[in-house]
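> Below, the features straight out of TrEMBL:
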type	residues	note
DOMAIN	10-72	domain 'Malate synthase N-terminal'
DOMAIN	164-408	domain 'Malate synthase TIM barrel'
ACT_SITE	R168	active site, proton acceptor
DOMAIN	415-530	domain 'Malate synthase C-terminal'
ACT_SITE	D449	active site, proton donor
Amino acid sequence: MATTESILQGVNVAGTVNDFNRKILSQDALAFLALLHRSFNHKRKELLQRRVIRQAELDKGVLPDFLPETKHIRENDAWRGAKPAPGLIDRRVEITGPTDRKMVVNALNSNVWTYMADFEDSSAPTWDNMINGQVNLYDAIRRQVDFKQGEKEYKLRNDRTLPTLIVRPRGWHLEEKHFTVDGEPISGSLFDFGLYFFHNAKELISRGFGPYFYLPKMESHLEARLWNDVFNLAQDTIAIPRGTIRGTVLIETILAAFEMDEIIYELRDHSSGLNCGRWDYIFSVIKKFRQNSNFVLPDRSAVTMTVPFMDAYVKLLIQTCHRRQVHAMGGMAAQIPIKNDKAANDKAMEGVYTDKLREVKAGHDGTWVAHPALASIASEVFNKHMPTPNQMFVRREDVKIGQNDLLNMNVPGQVTEEGIRKNLNIGLGYMEGWLRGVGCVPINYLMEDAATAEVSRSQLWQWVKHGVPTAEGKKVDKAYALKLLKEQTDDLASKAPKGNKYHLAAQYFSGQVTGEDYADFLTSLLYNEITSVGSASPASKL
């Protein structure tokens, strides 16, 4: 059997290693990462190339449909996902957010059932953010995460029933350039998953839980199969039973919506259900069909959860999950309290209540909030309308969703100059924060993350590409988009502290809103700006 030293040949770390993070970057952990990379990176790159080929088909007008080759899986009533794991039976309110130490303490002290610690859309993947986040979760699991910041102390409540921890690693498309194996950067997914799993799986099991994950951005059941293979190898390597890991898949791409049964099937021994990742889903619809004028959408504010294509997606997800006896999780309430305007705050919170009421009545087993203050609203709704730990018994056999329903773009509304400026503000605001290493940015009392910035960017691209007229009678073209971009950039930069990065954000954004170039993801486009790859150190020498 290969030794740790031999496995670490060809493995290099180009990020800072210090006393705070050294316990995470142990020799055995780095060898485990190298094992994951060498076992799975080739298949990961194959699947990413498959996305490129699929996009070329969509650009030619080929529309997605349910797969004929997996019809036998969809039509077989006999198979089921795994039984809910300890700590995941009742998930009625889940709080989500990045993995900085303050957020970890506050989230685990919240009155919620689970906390999704996020290395993905609400975190900018600087080396410090990713590694320190791992340290924070390691410490939190062992109840040693308390710390002082100035005069303020942050302490975990003395309570054995803290929310169950679920971790979201980065998507398959992102890389971690600070860690290379045989000259290649490791996948961000494998890096985030590997470090968390290696250090914490047995500790979590000893405390009555297990290593639980949210899996983002997948576009096919084959990508879920890859995760399942990763899970099996990981469990076998540290000698814990297969099925100990659980993964909830975010259905946040239009292509995955046609493969929900198959995704659960691929992960079935490890499946803990599906989630409606609403903002990424809207982004995916625009992105995948961006060349098709039949898929042009109006202002973002008009694309609500009740428009036909979103309503169909929700109904199909709930029906599919409950048929397979796994959780069907609802979407994000991104609102944050408005402290200086009671009337505006009351209206915003009423909107949260209405949204959560829609979800629980549709049959969801739980929902997401971005701020602890919203937990009580979500809890009130779900406690009242879902007295049981979940509602997998709500079969939704009344639902009949086909290709046309998932692709029904009959969305009332117009494109307005106000809508264009809002998209510019959100895109610029998020990108500026991200370039400073902040992945979760409050804008107009909403917690914006990468998904909402992607919707904004993609809509602007789409409107210019197809020359959409605004409600005011102006054609949206390249010159108009760039003019408004300059105005919004100058305005935001003038109001922000000195040294802000709005003009740098605008340089990147300007190439994304003209209907010409289109980056696969904003995060990939900006990643090199926040990497600090120094001289690489052999992992065996750390």
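From the backbone N, Cα and C atoms, a Cβ is placed for every residue, glycine too.
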> Within a 10 Å radius around the Cβ, which one of these active-site residues has the most neighbouring Cβ atoms: R168, D449?
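Output for this query is D449.
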> Using the alpha carbons only, what distance in Å do you get between the residue listed as 'active site, proton acceptor' and the residue listed as 'active site, proton donor' once rounded?
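Computed Cα spacing between the residue listed as 'active site, proton acceptor' and the residue listed as 'active site, proton donor' is 14 Å.
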> So, by DSSP, how many helix, strand and coil residues make up the domain 'Malate synthase C-terminal' (415-530)?
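Each residue of the domain 'Malate synthase C-terminal' (415-530) counted once, the result is 71 helix, 8 strand, 37 coil.
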> Within the domain 'Malate synthase N-terminal' (10-72) only, compute the mean pLDDT.
96
> Tally the residues of the domain 'Malate synthase N-terminal' (10-72) by DSSP class, grouping H, G and I as helix, E and B as strand, and everything else as coil.
38 helix, 3 strand, 22 coil
